[in-house]
């Protein structure tokens with residue numbers, strides 16, 4: 001055989017061998033990828049099925065439970081499907097659990113980006129991002145002495161109170177405030193709180209509701225509470241439904257702090273008490289936006305909330321673990337859209353949805369403030385006040 005032909009044949013054989021090796025490597029990679037996907041798929045299904053069975057989302061009798069835990073992953077679905085067929089309510093819970101899995105997947109994606117921090121976006125996710133359980137355990141372990149303790153879900157009963165006045169005897173209605181009620185109630189429920197909501201209350205009735213809420217025995221098994229106050233307002237307090245210029249009907253903010261301090265509410269001692277206020281703290285005018293302030297109410301006092309905190313050394317010890325977040329600075333307006341609700345509450349909900357899985361409360365509030373940094377046509381700046389938190393307060397939604 002001529003040398004040229006022999007060289008060509010050898011070259012072709014080498015090329016063929018190289019192609020076979022390359023094809024073999026690609027096939028092996030495909031198999032490895034498929035194995036990884038198969039493992040992840042089984043692991044996810046295993047987590048879903050175990051969650052359904054363990055938390056009694058689907059009711060299984062003892063025999064079914066024993067069969068469930070002894071069969072292969074691929075056979076677990078058959079047992080659960082049979083249970084779904086027996087109960088229509090179970091079908092709804094099953095569907096909701098699958099929807100929640102989508103949130104958990106989103107949380108895992110966010111966890112991969114934790115070093116860079118949560119993604120910044122002007123658009124709301126409209127979904128509360130849950131904290132992966134592994135991340136929750138890691139942070140609790142590493143920052144044990146720096147964060148407020150989170151009680152186990154099965155051992156706690158969190159309560160939150162929303163008071164929102166929308167209609168008044170002598171003041172204009174707060175059109176659009178119903179959106180604030182729905183939004184805050186949904187957010188707090190998502191964070192694990194049982195929400196009590198009250199509307200159309202005078203100042204005396206608001207105080208009565210606050211005192212009754214402070215006496216609730218459930219606080220003893222809770223690890224925190226939220227109090228949300230939304231109404232027309234002045235510098236010192238929030239207006240009741242009977243308020244007018246000649247006969248003020250105002251619940252003083254200082255009264256709220258006194259009701260929940262360690263002298264009057266022992267069940268919340270050493271636990272975060274978060275007060276959210278959507279109300280004006282001064283007077284002003286607007287056109288497109290509706291203002292949360294009486295039309296021509298004079299400011300009664302120029303004393304600031306900071307001065308109220310500094311009454312005495314004793315008060316610092318009595319008043320502890322509080323934080324208040326107000327929709328505007330003292331003497332200034334808060335704004336509300338007739339068709340969407342208050343811009344402060346809307347932004348607050350968005351930031352909780354995006355950041356509460358990984359940021360502590362103070363940082364979430366700062367995110368809200370940052371969103372107001374560039375003044376709009378109707379400017380306001382939310383303020384964090386009367387802070388006596390001694391640790392970082394994390395919510396860790398989903399845990």
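Positions of Cβ are set from backbone N, Cα and C atoms, glycine also.
Any TrEMBL annotation is an automated prediction that lacks curation.
What TrEMBL says about this protein:
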- 1-27: region 'Disordered' (REGION)
- 7-26: compositional bias 'Polar residues' (COMPBIAS)
- 30-103: domain 'CARD' (DOMAIN)
- 156-284: domain 'Caspase family p20' (DOMAIN)
- 232: active site (ACT_SITE)
- 280: active site (ACT_SITE)
C-alpha spacing of residue 232 (active site) relative to residue 280 (active site), in angstrom: 6
Helix, strand and coil counts within the domain 'Caspase family p20' (156-284) (DSSP): 41 helix, 33 strand, 55 coil
Other C-beta atoms that fall within 10 angstroms of the C-beta of residue 232 (active site): 25
Across the domain 'Caspase family p20' (156-284), average pLDDT on the 0 to 100 scale: 96
Cβ packing number for residue 280 (active site), 10 Å threshold: 27
